[in-house]
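Undergrad: The structure is given below, and queries will be raised subsequently.
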Amino acid sequence: MRIAILSRNENLYSTMRLKQAGEERGHQIDVIDTLHCYMDITSNNPMIRYKGEELPQYDAVIPRIGASITFYGTAVVRQFEMMGTFCVNESVAISRSRDKLRSLQLLSRKGIGLPRTGFAHHPDNIQDVIKNVGGAPLVIKLLEGTQGIGVVLAETNKAAESVIEAFMGLKANIMVQEFIEEAKGADIRCFVVGNKVIAAMKRQAKEGEFRSNLHRGGSAQLVRLSKEERATAVNAAKVMGLNLCGVDILQSKNGPVVMEVNSSPGLEGIELATGKDVAGMIFDFIEKNAKPNSNRTRGKG
């Protein structure tokens, strides 16, 4: 099979592992810089050009779209879909997952466990929003933040008001969430491929930190999931319409709650923590499912 990986950096661990795993299976793998693709949007003859040449017809595309280029990246994926190419994650599913508020609303609609969350536009509503999520300590998040950036733990209501007012003064979109204290700075990353959790790791925040992201200095180890945690991760992926994703879960006193669904999860942490060939399992899925014109919109909203 001829397979394209959409990635801005061919030297990233995830990109290199995917290329290696694909080539070991006899596939031709091309790494394509998403931002260097440009589209010829013509009726009944969609085309993508790259560095002055028309791209060949691929059997499958693996999108590795960074958050900062979501708009352009999803347009490129959509163009591949119009050309009949199988895309591991569809453009609409990537767009859903990148909008944190939209994601939570869709998950909520399907009854999936979530931390209590508030969202408001006007400062007059701040105190009531804080009250509705249970008061401090609480977590304030920028909707556009990634890798733990733009996430603040407010330990008092007064501190929460000050942080929210500051963000609103900067015209930033934020949401306010209850702090799951019983999680003790740990979360679980479930790696879902084709409606199945293929690997999972527990990430622990470093001492004095509440964000468990590995980019923030957290550590990771293999974890055995409960049936409820496994079902929560798979259902969250289905709601988003993602064939491949990382679902981040906290263990709360009311059961597992979903914090985020990541449409472009990194492979390094999960492969090192679990010892599993995650890249190879992704190609297992592609080999079974990649057929021309087989993209079907999954999920709603």
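Note: Cβ is positioned from N, Cα and C throughout, glycine not excepted.
Note that the coordinates shown come from a computational prediction; the quantities given were computed from them, not determined experimentally.
Copying in the features that Swiss-Prot gives for the protein in this structure:
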type    : residues                                               : note
DOMAIN  : 104-287                                                : domain 'ATP-grasp'
BINDING : LYS141, GLU178, PHE179, ASP187, ARG211, SER212, ASN213 : ATP binding site
BINDING : ASP248, GLU260                                         : Mn(2+) 1 binding site
BINDING : ASP248, GLU260                                         : Mg(2+) 1 binding site
BINDING : GLU260, ASN262                                         : Mn(2+) 2 binding site
BINDING : GLU260, ASN262                                         : Mg(2+) 2 binding site
Undergrad: 10 Å Cβ neighbour count around GLU260 (Mn(2+) 1 binding site)?
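TA: Taking every protein chain into account, the count is 18.
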Undergrad: Counting other CB atoms within 10 A of each CB, which of the binding-site residues PHE179, ASP187, ASP248 comes out lowest?
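TA: PHE179, out of the binding-site residues PHE179, ASP187, ASP248, has the fewest neighbouring Cβ atoms within 10 Å.
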Undergrad: Can you see whether DSSP assigns GLU178 (ATP binding site) to helix, strand or coil?
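TA: DSSP call for GLU178 (ATP binding site): strand.
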Undergrad: Over the domain 'ATP-grasp' (104-287), what is the model's average pLDDT?
TA: 89
Undergrad: Could you give the Cα-Cα distance between ASN262 (Mn(2+) 2 binding site) and ASP187 (ATP binding site), in whole Å?
TA: 14
Undergrad: Just the number: how many Å between the Cα atoms of ASP187 (ATP binding site) and ASP248 (Mn(2+) 1 binding site)?
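TA: With the alpha carbons as reference points, the distance is 7 Å.
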Undergrad: Consider the binding-site residues LYS141, GLU178, PHE179 and say which one has the Cα lying nearest the Cα of GLU260 (Mn(2+) 1 binding site).
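TA: Going through LYS141, GLU178, PHE179 one by one, the Cα closest to that of GLU260 (Mn(2+) 1 binding site) is LYS141.
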Undergrad: Are there any residues at least 6 positions away along the chain from GLU178 (ATP binding site) with a Cβ closer than 8 Å to its Cβ? List them or say none.
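TA: GLU178 (ATP binding site) has long-range Cβ partners PRO115, ARG116, THR117, VAL133, GLY134, LEU138, VAL139.
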